[in-house]
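S.K.: Once you've had a glance at the structure underneath, I'll fire off some questions.
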Amino acid sequence: MEGGSVNGGGGERAGVVRRLMAAKAESRKSFSEIGEEAGLTNVYVAQLLRRQAQLKPETAPALRAAVPGLTDDLVALMMEPPFRSYHPDIVHEPAIYRLNEAVMHFGESIKEIINEEFGDGIMSAIDFYCSVDKVQGADGKDRVVVTFDGKYLPYSEQQFYCCRHNAFSFRKYVKCRLLDLPLEEFVQFTS
């Protein structure tokens, strides 16, 4: 989706991101420091400043206090729903490539464990928290800890609401269940 829209994929959006990142640089704070002050994860702060997440009105004052260079117009733009996307070439950036490689390499095993622990479902990337932390390993060397914390969402069974060649809309099915009638009786009840 190319174009000049602030929320689209065009150059105007890139200009807004440059201004947001300049405000961060002016604050002389890391994403983690801003996150601590604003009560957000460091990754979410980065998402906000890269226009990959929407700033909520109740969060704006704390973020502005942490990043004083955020102007009224920038905050207003940050409160608009963003166009969440990425440039296709970003996957070639080494840190992103390795992160993608790790998810692909461990993905099948992670999926199996999710199924084993929770059932047939997925981890939400909407009701989701992500953070990056720096820790020291047993050998004293720096290690990167990436935490994905997403709500479990079970897959739903897609039932066909039909009885004696009568197809049911979901609304009729719900009425049937609210009346606590078997589908056959519901057909007679509504005929």
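Placement of Cβ uses the backbone N, Cα and C atoms for every residue, glycine included.
Found this in TrEMBL, in case it helps:
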DOMAIN    85-158  domain 'Cyanate lyase C-terminal'
ACT_SITE  Arg98  active site
ACT_SITE  Glu101  active site
ACT_SITE  Ser124  active site
S.K.: If I take every residue in the domain 'Cyanate lyase C-terminal' (85-158) and average their pLDDT values, what number comes out?
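M.R.: The average pLDDT of the model in the domain 'Cyanate lyase C-terminal' (85-158) works out to 93.
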S.K.: Run through the Cβ atoms and count how many others sit within 10 Å of the one on Ser124 (active site).
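M.R.: The answer is 12.
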S.K.: Can you tell me how many other Cβ atoms are located within 10 Å of the Cβ belonging to Arg98 (active site)?
M.R.: 11
S.K.: Which residue counts does DSSP give the domain 'Cyanate lyase C-terminal' (85-158) for helix, strand and coil?
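M.R.: Final tally across the stretch: 30 helix, 29 strand, 15 coil.
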S.K.: Would you mind reading off the Cα separation of Ser124 (active site) from Arg98 (active site), to the nearest angstrom?
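M.R.: For Ser124 (active site) versus Arg98 (active site), the Cα atoms are 22 Å apart.
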S.K.: Report, as a single number, how many Cβ atoms besides its own are within 10 Å of the Cβ of Glu101 (active site).
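M.R.: The answer is 11 other Cβ atoms.
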